[in-house]
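Asker: Okay, handing you the structure first.
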Amino acid sequence: MSVENVLSLIQENEVKFVDLRFTDTKGKEQHISIPAHQIDADFFEDGKMFDGSSVAGWKGINESDMVMMPDPSSAVLDPFTEDATLNIRCDILEPATMQGYDRDPRSIAKRAEEYMRSTGIADTVLVGPEPEFFLFDDVKFATNMSGSFFKIDDVEAAWNTGTEYEDGNKGHRPGVKGGYFPVAPVDSSQDIRSAMCLIMEEMGLVVEAHHHEVATAGQNEIATRFNTLTTKADEIQIYKYVVHNVAHAFGKTATFMPKPLVGDNGSGMHVHQSLAKDGVNLFAGDKYGGLSETALYYIGGIIKHARALNAITNPSTNSYKRLVPHYEAPVMLAYSARNRSASIRIPVVPSPKARRIEVRFPDPAANPYLAFAAMLMAGLDGIKNKIHPGEAMDKDLYDLPAEEAAEIPKVAESLQQALQYLDADREFLTAGGVFSDDFIDSYIALKTKDVERVNVAVHPLEFELYYSV
């Protein structure tokens with residue numbers, strides 16, 4: 001969409017506000033709303049100044065001025081606001097140079113795509129993430145000196161089979177690990193997901209399917225069509241915005257937290273990816289699983305750098321409560337055709353044009369711009385250095401003998417460990433100036449604060465284990 005198209009859209013839809021949006025390091029959308037009558041063609045040249053020191057992990061107060069530069073191609077009407085509002089995504093620029101800020105996730109994603117093209121390896125990267133989420137009726141939590149707790153409830157939860165309700169307990173609900181594909185009334189989220197899908201399509205996403213996921217208490221997934229890297233990251237931010245707001249409208253609360261429930265599956269964000277050049281899928285070939293040698297090298301790069309990637313693709317302390325065996329979480333750094341216990345799967349596809357890999361360890365807490373860019377950089381490093389991933393593992397990796405399992409590398413065991421790997425293994429990210437050392441240092445510092453806060457927190461389970469010693 002051009003600037004002229006945006007200005008026409010504002011006029012034709014009697015738009016009252018333009019909502020400028022950007023994504024911070026943690027992956028959360030931020031915004032500022034401007035009366036639409038202030039928007040003209042010059043606005044798309046000059047941008048909007050703002051205080052970058054107020055964004056966690058960004059600039060200090062002594063150099064806080066930054067520019068939000070609206071991208072007219074991202075303009076979309078907001079279906080949730082009372083007054084007609086047009087959302088426009090922004091890149092964050094340095095005012096002195098008007099170049100992308102090195103800590104701006106969207107600018108990093110764009111640089112990753114530019115770097116890929118500069119290598120001559122490929123001109124297009126296609127990304128197809130599958131974020132899962134939970135819908136709850138009620139969530140309470142508190143952390144202070146007097147105590148800590150969280151309490152989740154949902155009418156669909158397996159623990160509510162004996163709960164008394166005013167209009168009676170209807171009994172239909174998925175059990176633990178029993179939520180995959182049952183029809184209503186066991187699946188109580190059908191209409192909510194349908195409403196989400198309709199709004200996602202209204203906002204430009206292509207929805208392929210929606211369904212209940214494995215876990216009890218309202219785990220769900222909506223599958224959307226793949227897209228190029230930065231555009232798909234934009235779409236994931238729209239996806240999350242829609243899920244949160246439709247859930248709210250239905251009297252529910254949505255979370256993309258990787259592991260809100262103990263004892264059932266967590267939420268992942270498997271990421272399908274492939275490279276193309278001149279319209280030809282570079283991952284299709286005659287090697288294992290119908291892959292090309294290029295695809296195998298790409299896998300090799302992902303596996304080699306996986307533990308550093310974990311700091312970005314699994315960026316919360318909670319992420320590592322999901323990455324444990326037997327909850328469909330891929331902890332083994334291996335690849336396989338169809339085998340879902342491997343961290344990288346080669347899906348069955350109807351034609352070579354659709355050949356791709358699926359990286360299964362990421363989760364939806366990840367900043368999509370950073371996660372997709374980091375995986376691309378790891379894959380490109382594998383191709384450039386011809387890193388072969390070794391033999392495929394066509395067996396259930398969860399049931400291997402201990403000696404055999406010990407020989408297979410695994411994902412990082414904690415966020416703290418992943419950050420250490422990122423600190424030591426960063427050159428693949430800084431190639432071509434895509435990620436800067438300054439960004440990586442600031443990212444590690446920001447996430448280390450989370451680790452330190454969790455490490456010193458007194459956990460309720462510690463009272464169960466140790467109160468009576």
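Note that Cβ sites are derived from N, Cα and C of the backbone, with glycine treated the same way.
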Asker: Glu213, Glu221 bind Mg(2+) 2 in Swiss-Prot, but which of Glu113, Glu114, Glu132, Glu293 does that record place at the same site?
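Answerer: Of Glu113, Glu114, Glu132, Glu293, Glu132 joins Glu213, Glu221 in the Mg(2+) 2 site that Swiss-Prot records.
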Asker: Hey, Swiss-Prot has Mg(2+) 1 bound by Glu130, His270. Any idea which of Glu14, Glu29, Glu358 it lists too?
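Answerer: Among the candidates, Swiss-Prot records only Glu358 at this Mg(2+) 1 site.
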Asker: In which DSSP state, out of helix, strand and coil, do we find Tyr398 (O-AMP-tyrosine)?
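Answerer: Helix, per DSSP.
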Asker: Same chain, not part of Glu132, Glu213, Glu221: whose C-beta falls within 8 angstroms of the C-beta centre of the Mg(2+) 2 site? Give them in sequence order.
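Answerer: So the extra residues in range turn out to be Glu130, Pro131, Phe133, His211, His212, Val214, Gln219, Asn220, Ser267, Gly268.
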Asker: Using DSSP and three states only, what is Arg322 (L-glutamate binding site)?
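Answerer: The residue in question, Arg322 (L-glutamate binding site), is helix (DSSP, three-state).
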Asker: Rounded to a whole number, how many Å is the Cα of Gln273 (ATP binding site) away from the Cα of Glu358 (Mg(2+) 1 binding site)?
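Answerer: Each residue's Cα considered, Gln273 (ATP binding site) and Glu358 (Mg(2+) 1 binding site) end up 6 Å apart.
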Asker: Give the distance between the Cα atoms of Glu221 (Mg(2+) 2 binding site) and His272 (ATP binding site), rounded to the nearest whole Å.
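Answerer: Checking the Cα atoms of Glu221 (Mg(2+) 2 binding site) and His272 (ATP binding site) gives a distance of 15 Å.
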Asker: So how many of the residues in the domain 'GS beta-grasp' (13-97) end up helix, strand or coil by DSSP?
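Answerer: So the counts come to 16 helix, 35 strand, 34 coil.
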